[in-house]
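Copied over from TrEMBL:
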| type | residues | note |
| --- | --- | --- |
| TRANSMEM | B:6-29 | transmembrane segment |
| DOMAIN | B:7-402 | domain 'Ammonium transporter AmtB-like' |
| TRANSMEM | B:36-57 | transmembrane segment |
| TRANSMEM | B:96-119 | transmembrane segment |
| TRANSMEM | B:126-147 | transmembrane segment |
| TRANSMEM | B:159-183 | transmembrane segment |
| TRANSMEM | B:195-215 | transmembrane segment |
| TRANSMEM | B:227-247 | transmembrane segment |
| TRANSMEM | B:259-276 | transmembrane segment |
| TRANSMEM | B:282-301 | transmembrane segment |
| TRANSMEM | B:313-338 | transmembrane segment |
| TRANSMEM | B:350-372 | transmembrane segment |
Amino acid sequence: MKKIEAIIKPFKVDDIKEALNEIGIKGMTLTEVKGYGRQKGHKEIYRGAEYVVDFIPKVRIEVVVEDEQAEQVVGTIREAANTGKIGDGKIFVIPVEDVVRVRTGERGPEAV
Amino acid sequence: MNSGDIAWMLCASAMVLFMTPGLAIFYGGLVRSKNVLGTIMHSFIIMGVVSIMWVLYGYTMAFGPDLGGGLLGGAKYLGLSGVGADIGPYSDTIPHILFCAFQLMFAVITPALITGAFAERMKFSAFLAFTILWTTLVYFPVCHWVWGDGGWLGAMGALDFAGGTVIHINSGAAALVCALFLGKRKGYGTDQMHPHNLPLTIFGAGVLWFGWFGFNAGSALAADGTASMALFVTQVAAGTGAVLWIIAEWIYQGKPTTLGAASGAVAGLVAITPAAGFVGPVASIIIGGVAGVLCYGAVVMKGKLGYDDALDVVGIHGVGGLWGALATGLFAAEVYGGVNGLFYGNANQFVIQGIGAVAAIAYSLILTAIILKVLDAVLGLRVDDEEEYQGLDVSQHSEVGYRIV
């Protein structure tokens, strides 16, 4: 199994959710995060003084899928999150050892 | 007595008083959230403290018959004795106590303006002591010089319709000393010190703008043509100040900001204050517009000079007030206030305005420094480092401005 962790622009959340739904991904975890990459942050101006704000709001989406589906999910997220502008985000693919469903105790892919 | 004048001056007094809580909100939005209550408290409590002082000895120091030399009023009105419902020496149409009330509101807002310079770091006890001493030793005398019966600047012909010298130059100079004397806030230049609530600040600026009509038009002491023109030029100068400030920062920094619009309006209001009863509408565009650009420049310069005038009292009230006082000497026209300025052939008026401004700056700088020196030795001016990190709300008042849940 793989965990797909995508750091994306917050306004892209709905597009990604819909795109993932279409390929059969029904669940995901969302976290509001802050960070910056190559685009850096933004500039604020107060009474002539400039402040550079490094950490800008992003959303982290986490989805766990079976190995063979991972590539499709990555592609779907990439497509839906892409605006072509700097700061669109990153997608990480992380191996997952096991999954446990809390309610039933099911393990592995059944539990996803 | 004239009931129209009385009605207007009652309203104007209330409007000027409203400026001080407006200032509290204006300043409160500009500080970090941990200091919002401490900052609001500065302005708010002055409404109480100065009212008491005014009754006991303030009014007589400022407006009592001159002791001689034009420097200070005598003791005739100590405890407001003899100041009542009858006509006083300053107006034939309103009760003496109403003139006294109107002037009290000016005495309230002036020390409140200074608090922007030492926001976020001064002990409440030291602030109270400073306010009492500064108002007594600086505001009351300078008020007498300009407006008091026999005051030397007024006698010399210095024009200050609603307080450019008495209020704005005076408080601006004191603010500079405070900022230098107290030193920078911890983390100044490295930590982010953004305004925590700009909508609050912009609302505060709107309250100030509204109250300023009472300030300037009320200074006619009558419901008449002078008051009407003063109200009009106040509006125009404030609007022009806002527009020119944002144009300046748009060019210099790439974006017009809401804080710039609010600051520019205040700068325009400050600058038109001394001139309000002496100039016409076209002059008010120039006075307000120059104030917008000039004060923006002064505020930008602060960063380069390196002192921490937290809320820009020097840049806006000091520089704006100085420009306004000098501009009065340039643009005053006989048709409006009975006196001509430099542009109408009376260069002497410009010189007199300069003397008035320099005298107020010098006196305020020196006396403020002495007061701070003494208070620092006796009480200590600043909160300690941990209290400053906590914020004044908790450390000085055991309160929190905003609580989620």
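Including glycine, each Cβ sits where the backbone N, Cα and C put it.
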Any residues 6+ beyond the ends of the transmembrane segment (B:126-147) with a Cβ under 8 Å from its own? 42, 45-46, 49-50, 53, 57-58, 61-63, 66, 70-73, 103, 106-107, 110-111, 114-115, 118, 153-154, 158, 160, 165-166, 170, 174, 356, 359-360, 363-364, 367-368, 371-372, 374-376, 378-382
For the transmembrane segment (B:159-183) and the transmembrane segment (B:36-57), does the number of C-beta pairs under 8 Å, pairs 6 or more apart in sequence, reach 3 or more? no
Positions whose Cβ lies under 8 angstroms from the transmembrane segment (B:227-247), at least six residues beyond its ends: 8, 161-162, 209, 212-213, 215-220, 256-257, 260-269, 271-272, 275-277, 279-281, 283-285, 287-293, 295-296, 336
Counting only residues at least 6 beyond its ends, the same-chain positions whose CB falls under 8 A of a CB in the transmembrane segment (B:259-276) are 26, 30, 159-165, 167-168, 195, 198, 201-202, 204-205, 208-209, 212, 215-217, 219, 229-230, 233-234, 237-246, 249, 283-284, 287-292, 294-296, 299, 312, 316-317, 320-321, 323-325, 327-328, 331-332
So are the transmembrane segment (B:313-338) and the transmembrane segment (B:195-215) touching or not, going by 3+ C-beta pairs under 8 A with a sequence gap of 6 or more? no
Need a quick answer: max count of Cβ pairs under 8 Å to the transmembrane segment (B:195-215), which of B:6-29, B:96-119, B:350-372 is it? B:6-29
Over the domain 'Ammonium transporter AmtB-like' (B:7-402), work out the mean pLDDT and round it to an integer. 97
